[in-house]
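Worksheet: the structure to be examined is printed underneath.
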Amino acid sequence: MSMISQPTPRAERASRSAPGRSAGIRVNLNLTRELAFTSFKLKYTGSTLGYAWSLVKPLLIFGMTYLVFVKVLKSGAADPSFPVELLVGIVLWTFFADATGSAVGAIVANGHMIRKAYFPRWIVVVASTLSATMTLTVNLGLVVVIGLPLGWFHIGLQTLIVPLLFIELYMLVVGIGLLMSSLFVFYRDLGHLWEITLQLLFYASAIVFPLSLIGEHFRVIVALNPMAQMLEDMRRALVTPTIPWSATILGSLEIVPCLLVCTVLVGGYLVFHRLSPRFAEAL
């Protein structure tokens, strides 16, 4: 990465032309891809199980959560499809937690590159989230491959919304990553605060209990959380077509979760853009 150097005035003028911009986009995409693959490989380097940890982790979380909340506390025990809903929720939550957690420290972890090389700083953050996306693809792919023959999933017209839900989820992850990674450069305590926030969000996102278990008014409040909205709609689209869409629960407030996601993404970008010129000095 140290081969990336400060652009010359001639290179800057060339980059403003259409061919220059096209070449710049290709370079940025290639760098993002390489950093993402490198991050994915390094994450499991030196461990005994290696890449298998990407599968073991969500399964262990699912097992413990299922035992405590379904078997002991009887949360969702009356719903035979709830274990599958819980598994899907755990897989998606593991992606959200891993992606945002790695993105928070991405700039600091790559400080040597930031200080010595010239490239758009957002690439480091996006690459860290793409690395987590690779893990999500493997985990969710295995769940679907195993679950389809067993009748876990109900595929129909409602399934068409799944790609949109993934886009919404990734927008939220990138927005949080840009915001937190830029602030973390100057305020290192944010890393610990985000870990606590993740624990609170886990229980506030209706992962370990179906929304039908809580009162109507509180149900609306929970569904305003973008993660809860996405998880509930994902369950509706893949597992249990009989439960209501989040829009039905929210009524006139149905647009609020999407607006929150867009606000986080735009706000995260603006904060990142404002602070990024100071990264090299702070690191």
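Including glycine, each Cβ sits where the backbone N, Cα and C put it.
TrEMBL: automatically predicted annotations, no manual curation.
Note that this is a predicted model, so its numbers are computed, not measured.
Feature list (source: TrEMBL):
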type	residues	note
DOMAIN	49-275	domain 'ABC transmembrane type-2'
TRANSMEM	49-70	transmembrane segment
TRANSMEM	90-110	transmembrane segment
TRANSMEM	122-148	transmembrane segment
TRANSMEM	160-188	transmembrane segment
TRANSMEM	200-222	transmembrane segment
TRANSMEM	242-272	transmembrane segment
Cβ pairs under 8 Å between the transmembrane segment (122-148) and the transmembrane segment (49-70), at least three: yes
For the transmembrane segment (90-110): best-contacting stretch of 49-70, 160-188, 200-222, 242-272, by Cβ pairs under 8 Å: 160-188
Same-chain residues at least 6 beyond the ends of the transmembrane segment (160-188) with CB under 8 Å of its CB atoms are 92, 95-96, 99-100, 103-108, 122, 124-126, 128-129, 132-133, 194, 226-227, 230, 233-234, 237-238, 258, 261-262, 264-269, 271-272, 274-276, 278-279, 282-283
